[in-house]
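In what follows, a structure is listed as structure tokens, so that the remarks can point back to it.
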Amino acid sequence: MYNHSLIEKKWSKYWKENKTFKFHDDIKNDKKFYVLDMFPYPSGSGLHVGHGKGYTFTDVIARYKRFQGFNVLHPIGWDAFGLPAEQYALDTGNHPESFTMKNIDNFRNQLQMFGFSYDYDKEVNTIDPKYYQWTQWIFIQLYKKGLAEIKDVDVNWCEALGTVLANEEVLTDENGNKVSERGKHPVVKKPMKQWVLKITEYADRLIDDLDLTDWNLGLKNIQTSWIGRTNGASIKFQVLNSKDIIEVFTSRPDTIFGVSFIGLSIDHEIVKQKAIKDQNVQKYINGVNSLKEYERNKDEAEKTGVFLDLYAIHPITKKQIPIYVTNYVLSNYGNGAVMGVPAHDLRDFLFAKKYGCEIIKVVDSEQDCYQEDGKHINSDFLNGLDINQATETIIKYLEKNKIGKSKTNYKLKDWLFSRQRYWGEPFPVLFDNDGNILLEDNLPLKLPKTDNIKPSGDGKSPLANLTDWVNVKIGNKLYQRETNTMPQWAGSCWYFLGYLLKQDNGEYIPLNSKEAFDIFKRWMPVDLYVGGQEHAVLHLLYARFWYKFLYDIKVVPNKEPFFKLVNQGMILGSDGEKMSKSKGNVVNPIDVIKLYGADSLRLYELFMGPITASLEWNDNGLAGMNKWINRVYRMFDTKKIDDKENKELELAYIKFVSKITKQIENYETNLAISEMMIFVNECYKYETLNAKIMEGFVTILSCFTPFICEEINEVFLKNKNSITKNKWPIVDESKIVVSEINIPVQINGKVRDVINIKIDQEEKEILNQALNTTKIKQLIENKEIVKTIYVKNKIVNLIIK
């Protein structure tokens, strides 16, 4: 057995001292490959085995591409701002900065124990002022282009965290309550002034440009569904005896002749005004507010409402239509108003049945509520048309008569970008006494040091208490700094560019420079990005938005930041449950490395199954990998290795290299490991092994198990250079090209014999050969051959009677 502890320490020291994985941007090499892990939040608990799975996968691909002559960028960094570090600091009495830096050191040491081939000189850290000055610069550009503004909005307020949360940071728990993603604390709606980024202006591009990426369809659908683009029309309904106009959004404007009521959300302005004078309306609003939103959203939930004693005028027929406040119309979709068409919308149908509203069929069907396509009836000039024809016709009519227009609606809301916390990037913004904004021109605007980081609970950030920092005098004029901070997602919106700009002295090439643009032109987009699917509507959406903005202002040369995206599956506990301290099923990777070695852990995590699969941890599988690694080491220790040729082994090696190359290219790392096991079994058949073949094998294996392979390369193969200097083996596949195959000969569909033919041999020759085998001749003697069927290189079938 080899001593994994000694060998891993030896080679870790060697790689560090020799800067083995130092990145050099070879401009002459146009074969580039940018492989990236979603950078971690450096928690106090350190790495977990889930990190190890994804990071090992990208490390295998990075090493493979280097061996193939690619210029490879494979960096790591730290997503270090945000709620987790601040919350932990509050709970323990530590300052988040010292706590975070200590965690980063621990994370880095643990990563090095895994043997990952990162260039640590390329690290980015979102709490580094030299880094976040460019986060602040991007915000300023967003503001200058009108994409950042302060608005009065209903926000998701979390009292326990003392801050506003974006919609994407709010979950619905098993009881239907709105809770924070971080900590599962209660979340309520609250009106506040907030910085908002207008991500909605990029909604169409965020959907359409997914076609430029190689992402799995499931992930694309998650983003598309979250953005929620719906095509339809906006239609104006005049309120009877009033100047008020209700503007509804509908995805089915073709059903306008079937409208029998108008439904409003409890937050609609008309409803609010009515509630001031009508206690029944206010009482109803209070009752609906006590319901959970998901309960109101269910199709099967009871549809309720209150007649507002108001009528709308149908814009075409001029009929008077009753107006209701309802529990199923939500303010965050459309304009908080719907036109009720009971015959062709289930929720409208249920409501109409309860309150006796007229049900007018406008699409021909025998069903009471029909939501599919068909010919229009009871619809004046739309009669006889299908949905598409009727929709096109009615929109033209609405626009011509100025009573409506074509409109696309989105579920996506603008990004609430303020946080009432300490641990985040300061906004580079000042206000004068009249509320006018002055942008900070001396970046970075550093986060001031303070021990008073507890949220105030009144909606103000802890920075508001630092009066010396808040109050600024410029010339003879007084200003106050913005005291909110940016959300934890800000720094991760562009960090993949930061790696390309990071220099050995810790400085960054200016993001807005020509030098930066030229680097981005050479390296973007990221070729392979690996991380969890849970980031689909947070980081991945925000980063794409910022990148598209940077494209618009000509900072980057292309439209999408990540070409190929792989979501690694989770590693579950041995009980099949998600690992958590409370369940006692957490596996500490550092404990595993100490016991079995990093190579065993790396190999096991990738052998468990496809990279995208979520699979259960099994200690026996880990022990099996350790046993196999020892078998490989023992093979080199006991077999004679020389230059003697071995034709059988050579052919097995050619097949092995050919197959495993394709498997790694297809990211089938579990199958690649199986292929290596098969080849080792082949090697054990021989007492003497060819040195060139063994060097090629160890080079391939080193992508997966770098420590033991460096040792084998030095001790048994007598190479003075690191194995990382090797090239991927090239083999002559023509030596294993199959020129002959066996195909079955059938009689009346039943296999009766087998013949050996040359691939693509003439059909006439093959039929002659089939008819003249001893067995077939006997079986067709005195029989009439009615038909002969030949499927090229597959089968011969003789039909006889």
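Numbering starts at 1 and runs along the chain as displayed.
Including glycine, each Cβ sits where the backbone N, Cα and C put it.
Motif ''KMSKS' region' is the annotation TrEMBL gives to one range among 298-302, 578-582, 758-762, and that range is 578-582. The DSSP breakdown of the domain 'Methionyl/Valyl/Leucyl/Isoleucyl-tRNA synthetase anticodon-binding' (654-765), given as helix, strand and coil counts, is 58 helix, 20 strand, 34 coil. The stretch from 11-216, 225-399, 412-612 with the most CB pairs below 8 A to the domain 'Methionyl/Valyl/Leucyl/Isoleucyl-tRNA synthetase anticodon-binding' (654-765) is 11-216. The average pLDDT for the domain 'Aminoacyl-tRNA synthetase class Ia' (11-216) in the predicted structure is 92.
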